[in-house]
Amino acid sequence: MKGALRVVTPVAISPSFFVEMRLALVFSFPMLKFILRRILAAIPLLLASTLLAFAVIQLAPGDFLTKFQGQPGIRQETLDAMREQFGLTQPWYVQYLKWLWNVLHGNFGYSFDKKAPVFTLIGQKVYYTLLLALTSMLMSWIIAIPLGVLIARKRNGFLDRFANFWAFAGISLPGFFMALLAMRYAQQTGYFPVGGATSAPSATSGGYESLSHWGKILDTGWHLFLPTLVLGVRGVAGLMRQMRGNILDVLGENYVLAARARGLSERKVIWKHAFRNSINPLITLLGYEISGLLAGAALVEAVMSWPGLGLMLLDAVQAEDLYLAVGSLVMGTILLITGNLIADILLAYADPRIRYDS
């Protein structure tokens, strides 16, 4: 009948629909174009870092073979022939161009000190660096975010002051000092191993290789605990302070006041409205945190003998192992660029207002 009301049945929309729509927005053409631009912009950065590494290492007197001079049984003619074979007598820029040409063909060079291909050595060590950095970052976020929300709700209370005191202490203490304290604690108590990522064979046990699958996981976690704790303390302190400030800023917004006026519980106001709008700045800081973790991981690896890229880079520089040092630096730079790119993508997913089409 004309003029009659039509009843429209509401269509139920599943939560996965919104996830799919957001993923479609994230991986749209502007975002893919942005990712391509970032990858192309990373090429000059890689070239500059490797060129600088070559130049700085060549400033040191001598080369890898210098330490063998004067040793009994090694003739100078043999060392000169080896320098000629490895191209160490050529100018540093000629060595760099030859190395760059070999890299384009998948050859990162040969480690003089380790007597193995550089790419193979990096593949063995990058796993441990990523394991340490990612575990520390996960620990930092799991502890810092709920704690930051909690002390924001208890602003100026005892818990807030107590947490802020330890946050400032964690930020101010140097990483190498905390690593030395952890090593001292492990030596005095024997509760945790000193150095290494796995247990070595002993007179009473077969070590890591003799363990079961779960035993190997527990053994690695046992060795990983102290380095993760040392590396993650600064992350917890900084993220907690940032999360506290973000929550306090958002709690005064109109939409939070409106949510409280509608009678929503404080838990829903905090976690459904305030938290979702406070997490975006932390995702922005994720890229900077990754760079700090990689730099801090190198220091922790050197002090606590964790077998990662940082420790290998230190050994390579001390031994003047040119190709291994430059290869380690290239891998660290690639990890840093990748981490910043992932942070940008996560930010676009968390906040649909973010667009990369300009």
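Each Cβ is built from the backbone N, Cα and C atoms, and glycine gets one as well.
Annotated in TrEMBL:
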- 126-347: domain 'ABC transmembrane type-1' (DOMAIN)
- 12-32: transmembrane segment (TRANSMEM)
- 39-60: transmembrane segment (TRANSMEM)
- 126-151: transmembrane segment (TRANSMEM)
- 163-183: transmembrane segment (TRANSMEM)
- 221-240: transmembrane segment (TRANSMEM)
- 282-303: transmembrane segment (TRANSMEM)
- 323-350: transmembrane segment (TRANSMEM)
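Panel annotation: around the transmembrane segment (39-60), residues 92-93, 95-96, 99-100, 317, 320, 322, 325-326, 329-330, 333-334, 337, 341 of the same chain, lying at least six beyond its termini, place a Cβ under 8 Å from a Cβ of the stretch.
Relative to the transmembrane segment (221-240), the listed stretch 126-151 leads the set 126-151, 163-183, 282-303, 323-350 in CB pairs under 8 A.
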